[in-house]
Each structure stands twice: as C-alpha cells, then as structure tokens.
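Colleague: I'd like to ask some things about the structure below.
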Amino acid sequence: MGVEGCTKCIKYLLFVFNFVFWLAGGVILGVALWLRHDPQTTNLLYLELGDKPAPNTFYVGIYILIAVGAVMMFVGFLGCYGAIQESQCLLGTFFTCLVILFACEVAAGIWGFVNKDQIAKDVKQFYDQALQQAVVDDDANNAKAVVKTFHETLDCCGSSTLAALTTSVLKNNLCPSGSNIISNLLKKDCHQKIDELFSGKLYLIGIAAIVVAVIMIFEMILSMVLCCGIRNSSVY
C-alpha cells in the first residue's frame, strides 16, 4: 500500500530535492573539471623549476571535488529511486550516504578554512625562487621560462617583496612581451595577482559547498520522515 496525504507530498518533495542534489553534483563535477583544465591554473601549476614541480595542493583539492561531484550524482539518483519506490532499505542507505558525505564536507570545509592561504603562499614562494634564479643567473633558462609564464599568464610584472629586483626583471625582458617599460612598471605585482586568482576560485567553491550542505540537511530530515511514513502505512 502506497503512502497517502502529507507523506505523499514529502515523497515527491524528497524526489525534487534529490533531483536538485543530483544536478548540484553534476555542477560541482563540471566546475571541478573546469578548474582542473583552466588555462591560468594549468599554465602555472604544471611548471617545473629544475627538479622541483609547482605546488600541487590546489590540484589535490580539485581531485577531491571531482570525486565528491561523482558521488553526489550517485547518491542523488539513489535518493530519487528510493523515494519513488518507497523503499525503506534504499532510503536508509541514502540517509547513511548523506551522513557520511556531510561529515566529509564539514571536515573538508575545516581543512579548507585552515589552509585557505597556504595554496597561494606556496605558489608565491615558488614564483619568488624562480624570479631570484632568473635574475641572479643569466644561464638559468628554466627559471626565466617559469617567470615569463607567470608574467604572461597573470599579466603582472615583478613582486613588491622583491622590489630590488624590478630593474633587473625589466632589463632581462622577463615582463609580458609587447608592453613598454612604463606599462610594465604600472602592472600589478605578481603576488597580488596570485592571491586574486586563487581567492576567487576558493570563494566559488565555498558558495557551492554551503548550498549543498543546506540541501543535504533538508534531505536527511525528509528521508527519515518518509521512512517513518512508509513504515506506518504498511501497518494499516
């Protein structure tokens, strides 16, 4: 015997929430893949300075997002199917998956908040090392290539923390090509541009995480209410 009355409304409401959750999983997966293949981040994070690769903390977070998006799509489908079939077993499994996902999201959020400045800091240190090598050693072609990639990708020139090297940077043609000396001097320093690059992307991820967390809380409540309704309807 199927559910009736308010429980039936909850059933379809849960289906709608799960469909939205499934779509959110698809959006997160799509955004993660976009961030993974975004030309700006790809150009910078695939660089190597001698035997030292660029910091990969950002990409670790992106791979986690890809996994989360895929799992969300699976869990959303499970919830939709469980609600339509009025299956207590599927809804119980769905609830358990949601609790695990929610706990993982909270843990990831805490880790992200604690380390939110570390990604940009690591990339800035990598840039500074390359800049110093490129200016000090005329034969450091690898370092010069790294610095030029930073400058052309971010449209910046030099660093305020290494202001003494600015003249050498201009003299060695390490600033974006096609710009004159005055325009290069007026460009933002690369530390500021690196901060802007990663803070914008982390802000986008943070908004998505909050929206998904709210949806998950509603889904956990609705799935338990529907489970109780199905159990009670089978008694009568």
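Every residue gets a Cβ built from N, Cα and C, even glycine.
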Colleague: Identify the disulfide partner of C156 as annotated in Swiss-Prot; candidates are C175, C190.
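Modeller: Answer per Swiss-Prot: C190.
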Colleague: Looking only at what Swiss-Prot records, are F58 and N232 on the same side of the membrane?
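Modeller: N232 and F58, as annotated in Swiss-Prot, occupy opposite sides of the membrane (different topological domains).
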Colleague: Tell me, from C157, C227, which cysteine Swiss-Prot puts in a disulphide with C175.
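Modeller: Disulfide partner per Swiss-Prot record: C157.
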Colleague: Under 8 Å for C-beta pairs, could you tell me which stretch among 13-33, 90-112, 202-224 has the largest tally with the transmembrane segment (64-84)?
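Modeller: By the under-8 Å Cβ criterion, the transmembrane segment (64-84) pairs most with 13-33.
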Colleague: Summarise the topological domain 'Cytoplasmic' (85-89) by DSSP state, stating how many residues are helix, strand and coil.
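Modeller: Once the DSSP states are binned, the topological domain 'Cytoplasmic' (85-89) shows 3 helix, 0 strand, 2 coil.
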Colleague: To which of the recorded sites K116, K144, K148 does the lowest count of other Cβ atoms within 10 Å belong?
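Modeller: Per-residue Cβ counts within 10 Å for the recorded sites K116, K144, K148 bottom out at K116.
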Colleague: To the nearest whole angstrom, state the Cα distance for the pair E219 (cholesterol binding site) and K148 (site 'Important for interaction with integrin').
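Modeller: Rounded to a whole number, the Cα-Cα distance is 49 Å.
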Colleague: Measuring Cα to Cα, how many Å separate K116 (site 'Important for interaction with integrin') from K144 (site 'Important for interaction with integrin')?
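Modeller: K116 (site 'Important for interaction with integrin') to K144 (site 'Important for interaction with integrin'), Cα-Cα distance: 28 Å.
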